[in-house]
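A short worksheet on the structure shown next.
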């Protein structure tokens with residue numbers, strides 16, 4: 001088979017990596033499709049897993065953008081960021097935030113590249129498991145859950161204190177219950193409610209942060225009530241002694257360096273963002289279009305809100321401000337604790353604006369807590385899906401945590417995350433309040449550890465791509481300056497852990513409880529890793545064979561999709577469609593176009609119609625034949641260059657020749673033939689009219705014979721030498737095991753199977769003409785519904801309701817059909833791909849208007865490469881067919897063994913049967929030579 005040299009998958013380059021295995025192994029059975037009435041998230045990860053990801057994709061682009069901002073902006077930005085200004089001065093504060101922003105941007109580059117290609121629930125936790133070590137995945141998940149869950153009570157308390165700016169009349173216990181109740185409400189319903197709430201709450205944060213920054217630059221040039229153009233005076237040594245770099249703990253350069261480290265530690269706690277975007281990956285619509293946008297906006301977000309925010313504080317306040325030192329020592333309620341508010345007051349801004357700022361900061365704190373509940377819940381849910389601690393047994397704790405509502409919300413995980421908010425009640429007691437402050441110290445090193453794990457996961461991911469010869473060029477997002485950025489981020493985030501530990505020892509006098517709580521995670525994280533590793537015996541992942549979540553990776557249809565059959569200008573040959581625009585046609589988003597030409601008979605309904613739509617959406621060219629080609633008018637309007645709809649009656653040999661010739665004339669070749677035309681014929685042998693019996697033989701036996709004969713000529717004489725072609729003859733399980741009232745129907749299939757087997761054995765191996773008999777069971781098509789079948793009334797002799805024919809008629813009308821014609825069409829495509837050495841992965845089947853099926857399918861274990869797989873003579877389609885064929889084969893073997901004495905008794909006396917078999921059937925010079933020639 002000839003393919004263009006540049007043909008490749010634009011969306012999933014892993015599908016075309018050369019095989020890393022010495023030989024072909026068994027084909028993995030694809031997992032069952034998971035059907036949801038809305039946009040569902042992922043299907044089953046691997047066939048061995050019990051729990052399926054039931055979250056649903058409802059988050060829009062605007063939600064994700066604002067969630068990324070909302071997660072990054074909280075009370076730390078508005079209140080605590082300025083608390084280190086006296087330690088380092090404006091210069092150190094600005095440089096520290098600018099430097100650490102570059103580290104976070106590097107992490108963002110790593111996370112964006114992985115998440116946009118593998119948009120799964122709880123991504124970076126599962127990446128650590130998948131690319132490094134399952135034990136590290138557990139450790140990373142534990143760490144991130146602690147970060148987010150322990151931040152919930154912190155934000156609840158912040159909301160409480162901000163409320164007290166206006167009144168102390170509301171009992172604190174009531175305030176805490178109200179906040180936690182709201183968190184629960186916003187997170188237990190469909191994820192789009194959470195998305196909408198964060199969209200509006202985060203908008204308030206953006207408004208506040210932007211307003212304060214704009215105010216700074218307006219005020220510094222005189223646009224303030226005092227009309228004082230103070231400019232950069234707080235940066236000049238002549239106005240503020242020692243500016244712009246303050247000394248901290250020590251004098252001289254060492255003191256200035258310690259001041260910078262203090263600011264850097266605050267930056268590492270304050271600057272966040274990429275992880276909050278990635279957490280939404282499993283629930284965002286169109287992840288490969290939406291997520292790249294969100295990740296690309298991180299640069300602007302870090303620059304505006306964090307770098308300019310730090311710059312603004314250094315402009316508004318001198319680091320030696322006594323009022324600022326007083327606020328740090330004993331912060332007042334609400335916005336009065338904010339350095340920004342202090343600056344507003346010093347510049348004579350009316351108090352009314354302080355109330356507005358307090359309200360917006362309170363909304364920021366509430367939003368941050370809401371985001372922490374969501375993130376903690378999704379982290380826990382991701383761990384329940386994957387890894388060594390996943391809920392693989394029904395009834396286990398992790399299995400229960402993995403349960404989702406019909407709206408796709410892991411409610412038990414949400415409940416666990418919210419329960420940590422109850423720690424906010426410790427604020428009711430002064431001593432307990434101190435303990436709560438110490439508990440927050442638990443997560444001092446956790447953020448840096450999390451970023452270090454992400455960077456290391458990317459380095460392993462990057463190496464795996466290289467080892468498996470997968471190009472990064474066609475990933476949905478390609479990070480710049482990799483792997484340098486990953487090494488840069490890993491080094492400095494790891495260094496930050498050491499700096500954060502060191503910082504607790506430079507306090508004089510030493511404060512023992514914070515030191516203990518800071519070291520708790522330092523000790524606990526290695527302990528979790530070692531315990532998991534020893535208990536489960538985990539090993540470092542082998543990057544030569546690790547897959548890239550091929551079972552979970554999928555591409556969902558975007559809201560605004562390209563027109564059917566159009567080509568993506570960036571990735572030639574990739575097609576996309578939106579089924580809602582096309583009635584009840586069934587389409588698939590395809591990953592690539594191998595540019596083959598298919599000739600299919602019987603395409604007006606059922607399998608033929610489904611297969612035609614699938615192939616066209618996959619970018620392939622199709623000659624779709626049927627008696628009324630007008631049924632394809634809508635498809636023809638969208639696929640003018642790909643589709644030839646041709647009128648054909650396969651019982652007429654001349655029409656068959658003309659149809660194949662028309663296909664060759666339009667496309668220059670024919671590569672795959674599917675003989676699908678047929679009808680059902682029900683009736684006892686005695687009751688079926690002879691003309692009906694003869695017609696079904698003409699249609700289902702002679703028709704395919706006409707097509708095969710002419711196709712063989714094209715494969716051999718017209719296609720380039722050695723390309724050959726493939727023939728798929730649609731038989732039925734009735735072609736192997738006949739049932740009552742289907743005698744003539746089954747006879748046509750029995751005859752077709754025998755003729756196909758003989759025909760394929762006649763082909764010279766050098767012609768590369770291969771074929772396969774497909775034996776479907778009952779499928780949900782027009783045939784099964786009786787619209788494409790003929791039912792003959794029962795013969796009077798068989799009218800007895802207890803007779804086998806009567807019972808079969810009754811059962812046939814009652815038992816539901818198992819087979820899905822869409823899946824059958826994909827199976828035919830998979831078989832063609834395998835036999836021609838083509839890798840394919842299909843995702844996003846849309847049926848009707850707005851109904852989506854998640855289909856993440858893989859067709860082979862590990863790396864299959866481009867080595868063609870030998871087609872079997874027969875393939876059963878459907879569990880029903882497989883069961884019946886196995887049962888019939890076993891029955892035949894049993895009969896052969898039981899009645900072997902009869903078989904042997906008919907041998908001639910002058911020859912021994914056993915020697916005959918050895919000499920003529922198994923030895924050289926006999927039929928074995930024919931088999932060897934065929935297998936060569």
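Residue 1 is the first one shown; counting continues down the chain.
Cβ coordinates come from backbone N, Cα and C, glycine included.
If you look up TrEMBL, you'll see 63-543 marked as domain 'Amino acid permease/ SLC12A'. The transmembrane segment annotation in TrEMBL covers 64-85, 91-111, 131-152, 172-194, 206-223, 257-277, 298-317, 352-374, 408-426, 438-462, 483-506, 512-531.
The stretch in 257-277, 298-317, 352-374, 408-426, 438-462 that contributes the largest number of Cβ pairs under 8 Å to the transmembrane segment (172-194) is 408-426.
Mean predicted confidence for the domain 'Amino acid permease/ SLC12A' (63-543): the pLDDT average there is 83. With Cβ pairs under 8 Å as the measure, the transmembrane segment (408-426) is packed most heavily against 352-374, out of 91-111, 206-223, 352-374, 438-462. In summary, the transmembrane segment (64-85) does not lie against the transmembrane segment (512-531): fewer than three C-beta pairs, each 6 or more positions apart in sequence, are under 8 Å.
Packing against the transmembrane segment (512-531) from elsewhere in the chain are residues 135-136, 138-139, 142-143, 146, 438-439, 441-446, 449, 497, 500-501, 504-505: each is 6 or more residues past its ends and has a CB under 8 Å from a CB in it.
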